[in-house]
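Notes to accompany the following structure.
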Amino acid sequence: MPGKLRVHELAKQLGVTSKELLATLKDQGEFVKTASSTIEPPVVKKMKKHYESLGVTTEAPAASQEPKAKKPAAPKPAAPKPAATPQQAAKPAAPKPAAPKPAAEKKPAPKPAAKPVPKPGFSAAKAESSAPKPAAPKPAAPKPAAQSSTTATPGSMPRPQAKPAPKPGGRAPRVANNPFSSGPRPAPRPGGGNRSGNAPRPGGGPRPGGNRPQGGQGGPAERAPRPGGRGGQPRPQGGSRSQQSGGQERQGGGRRPSPAMMPTHPNPGQMPSRSNGSRNGRGGAGGQGGRPGFGGGRPGGGGSAGGRGGRRGGTAGAFGRPGGAPRKGRKSKRQKRNEYEAMQAPNVIGGVRLPDGGGATIRLARGASLSDFAEKINADAAALVQALFNLGEMVTATASVNEETLQLLGEEMNYKVEVVSPEDEDRELLESFDLQFGEDEGTEEDLAKRPPVVTVMGHVDHGKTRLLDTIRKTNVGSDEAGGITQGIGAYQVTVNIDDLSRKITFLDTPGHEAFTAMRARGAKSTDIAVLVVAADDGVMPQTVEAINHAKAADVPIVVAVNKIDKPGASPDKIRGQLTEYGLVPEEYGGDTMFVDISAKQNINIDGLLEAVLLTADASLDLRANPDMDAQGVAIEAHLDRGRGPVATVIVQRGTLRVGDSVVAGDAYGRVRRMVDEYGNDVEEAGPSRPVQMQGLNGVPGAGDNLLVVEDDRVARQIANQRNARKRNALAAKTRKRVSLEDLDSVLKETSTLNLILKGDNAGSVEALEDALLKIEVDDEVQLNIIDRGVGAVTQTNVSLAAASDAVIIAFNVRAEGKATEEANAEGVDIRYYTVIYRALEEVEQALKGMLKPIYEEREIGRAEIRAIFKASAVGLIAGCMVESGKVRRNASIRLLRDGTVVADNAKIESLRREKDDATEVAAGYECGMVLSYPDIQVGDIIEVFEQVEVPRT
């Protein structure tokens, strides 16, 4: 079975770069890290279809045929056929020392030398097979000049070729520069030298083909050779080395190269050029018959005349610095002026040059980092970090940044930054998987009627819970006898109107906080809102808040005036009060239905249900497609000890079946079991049907969307991306902005209260966290929620609390197993609560207790100095009369003289009444005091005060 394709392999087949394919995969919602990551076959098929739609054809067949096309260009067995032994090669080399003289006088000889090299299939084997054709006594003919350089006697070949001839049009092979290499020596290039017979030039005269057609250093015909025997002079050791290497004799020249002369790495001047003219005349005095370690055509003794191009001076090859990169020089005035103008550009912040957006709009997700911003604008993340630092913000490249900071940085670069809302972010995520939430599929004929979904809201103690209990007891089946599953947050009741059986789905939400969270996520989970108002209490603040929530969600309202049986109840007063908030009763000419009920006495409950159905029929189009994949909302979720994560969901459209792959918020899984409000197993649930679902890998949040997807892989990818985005948004929200101005205050010691929240369901944990974060305290203390979860307190929670010095808040849950023992051993404080308001009060008191105390000054007494006595042991003694209050020993005093403060915060070191020491002296008595401030006079007033701690509020 073939293995999975990797990203770079698929990119090669599609004919795109790996970077482009990685970007496309990320846009399509596929999580791949690098180009070596494997891809699932469905994703491969998806990518091929995507690129075929863009007009890109795959290149898989061409890639498979590419190795076969290279084989004819490498005829390896062709080299050994004309090869000769070194003994045979040395014999015909001797009688041709003066062959190049007539050829050297012909200057047009280099021109035809450029023709034979680019021919396809031209190799050293063909050159050797044609060796007998050009005769040695006829070197003056210009016609075979190109062949004479390559068709010399067989002795001109150093040894049989080990490498194939270069491909036509391809780059010439790299020439080795290690003279001590023991490996096979490279064969000389065809057409590498233009001297007939590869014989050395006597006296270093001008050589044919030595001048490059591309300029550079001229040959000896243009200037005299350099002193020292390097300018094309033959080596004296050339004759002795010809027998060993199979090349021609060297006549004179420079000294033998040593390892000290070798460069540590190949230079650009040693690299073979692409043009044929640059290949001609590569050899110096040694020519092709030079030392095999230097390669064919490498300059022997010198070769500076044609060995390299570029600047004058220096030697080529392995003996000096070739004409490579230019030396670093001074900047021109134009370069300096351009750099100065670039530094003065408007998009340069603190010396950091940033791109100019030109007013373009950049969309970023919540909690985006500077790396994400830099990727959007093709900039360097380090430059953004430095620019933000110059603006006074200390942020790393990968840290989540809040919306204000991103917009500030965008304004500096002339970009308009838009942070995507949670709704748009989730919609774009689903669109990347070709999914949509909130719309019915199919035509009008596919839509069917569904029951209305009703949420009951109202002020505390107005009878909302009693109304729900009354409705449930009224519609419980006779076989159940009131045995309703109280933990479920939604249920259906049946109402008979005009001999028709109608169903209504009620949501038992834990208050308006959860209702707000659901509306904020854009889930149309509620069709009608029932507003419960007590007739004897009137409109309260939470009643007004519930009205505002319902209006913001564009939900019709039915008002239930409760407790009409109590004395002092005034339903008409309630109608008048609600008129101020836009709820005008129908009897007053409005469109809001008011129903007077008594939930305790079960009065007119059926009338309320009938009003709900009439409002639904008149104001709403309650239809859905039951045949599509199910979509809904998670009303509540909790962690059960035996069943695992259990979510109470309500299906809005489609049909949810056992075995479907679902994703709810950042949780995903496969539906293993569904039960209704009576605890009965359900195989499928249609629109507006509430069920309890098992099979998720985690506990979703209250109000999270439920979606049926194609398979578990898609569900996992959607959940992981949602989880990552939630973490980034939370990190950006909780990160405290540190600027250079408040750096000193940040570095000061601050008190932080770390909390770990555990609750019985996701809704209570969410409500508790939101309420705790809204507690307003001084900046000296901070509240940090380091972890939150659903279920009992575990040992993991205790270990985390012990490591981070945190307090565990357990809401309607207890510690399980050995968690209590470990908490006692580690000294971890676990607080248990059943009422959310009690938890909020105690946490607020704990935060206030962590505040630094505030002291205020309170005056205790007042005394006047009447006389001054001198004592050698203690100094001056003030004889005083206490005018008001009390004077205490060791108390703080303030000395006044003529209404001016002379000494502040002095101390009473000694206090005596008559001759006895006294702790305090009351008003109307005389006393003697020794003060810490010695400069006292008669008539001075002494104010005695103390610092009293004031409780923080």
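Placement of Cβ uses the backbone N, Cα and C atoms for every residue, glycine included.
Remember, it's a predicted structure, so these values are computed and weren't measured experimentally.
Copied over from Swiss-Prot:
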- 55-340: region 'Disordered' (REGION)
- 81-93: compositional bias 'Low complexity' (COMPBIAS)
- 110-119: compositional bias 'Pro residues' (COMPBIAS)
- 123-133: compositional bias 'Low complexity' (COMPBIAS)
- 143-160: compositional bias 'Low complexity' (COMPBIAS)
- 202-219: compositional bias 'Gly residues' (COMPBIAS)
- 233-248: compositional bias 'Low complexity' (COMPBIAS)
- 280-323: compositional bias 'Gly residues' (COMPBIAS)
- 327-336: compositional bias 'Basic residues' (COMPBIAS)
- 458-465, 508-512, 562-565: GTP binding site (BINDING)
- 508-511: region 'G3' (REGION)
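Where Swiss-Prot records a feature, it is marked here on the structure.
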{"residue": "Gly458", "record": "GTP binding site", "DSSP class": "strand"}
{"residue": "Lys464", "record": "GTP binding site", "DSSP class": "helix"}
{"residue": "Ile564", "record": "GTP binding site", "DSSP class": "coil"}
Next item on the list: Measure from the Cβ of Lys464 (GTP binding site) and count the other Cβ atoms within 10 Å, all protein chains considered.
Entry: 24
Notebook entry, point to check: Taking the binding-site residues one at a time (Gly458, Asp461, Ile564), which has its Cβ surrounded by the most other Cβ atoms within 10 Å?
Noted result: Gly458
